[in-house]
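Read the structure below first, then the notes.
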Amino acid sequence: MTQTLADMRRDYTRDGLTEAQSPQEPFALFHTWFEEAVKTEQPPVEANAMTLATVDEEGRPHCRVLLLKGLDAQGFTFFTNYESAKGRQLAAHPFAAMTFFWPALERQVRIEGRVEKVSAQESDAYYQVRPLGSRLGAWASPQSRVIADRDELEGLIRQTEQRFADTQPHCPEHWGGYRLLPERIEFWQGRSSRLHDRLNYRLINAKWARERLAP
């Protein structure tokens with residue numbers, strides 16, 4: 001018999017998450033979890049894949065999967081076309097949320113905060129280490145705009161290849177990075193019978209406060 005959606009579930013059986021196991025600030029815990037995800041998750045799961053949520057001018061939410069490309073004491077960095085839908089939304093409402101899910105570890109991390117552009121130098125530094133096809137694509141693709149068909153996109157790629165046939169492409173002004181400056185980070189560890197562990201960190205007056213949330 002075909003399994004119904006109502007019957008689709010799994011019980012989580014890995015270790016829990018206690019306050020004694022957790023540091024007073026969230027970045028150290030995220031680093032630990034991320035390193036474990038890199039070692040544990042297998043393709044097609046990418047440990048640095050996350051869902052980014054933004055809102056448009058009408059307050060309607062939009063979400064999509066991106067790759068985390070930078071992490072430091074300031075926040076979490078990703079790159080995109082500034083003229084894309086997400087870029088326009090962040091220009092109007094510079095706040096976002098991101099979620100990481102690592103199924104092999106039965107873990108999830110939710111992050112919320114203000115978003116700002118990184119410097120042009122930081123954007124260029126990352127752009128230059130991307131594969132050539134990706135660098136050309138940043139010039140060729142009018143991201144999030146309506147196009148006629150795949151042939152139109154292929155034509156734009158050919159034009160861009162011809163444009164940069166004798167030189168390396170440089171980082172376009174309409175493409176670059178954003179850094180999410182976290183104000184809230186929640187760590188979720190799956191537990192049996194849906195009685196999950198949730199440790200929530202909130203930034204209050206430049207200091208992190210830790211609290212446990214009911215599942």
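Note: Cβ is positioned from N, Cα and C throughout, glycine not excepted.
Cross-referencing ARG135, ARG179, ARG198 against the FMN binding annotation in Swiss-Prot, which names ARG64, VAL65, LEU66, LEU67, LEU68, LYS69, PHE79, THR80, LYS86, GLN108, GLN143, SER144, TRP188, picks out ARG198. The binding-site residues recorded for this entry are ASP11, ARG130, ARG194, and the Cα of ARG130 lies nearest to that of LEU68 (FMN binding site). Long-range neighbours of ARG194 (substrate binding site) (same chain, six or more residues apart, CB within less than 8 Å of its CB): PRO215. For ARG64 (FMN binding site), the same-chain residues that are 6 or more apart in sequence and have a Cβ closer than 8 Å to its Cβ are THR51, LEU52, LYS86.
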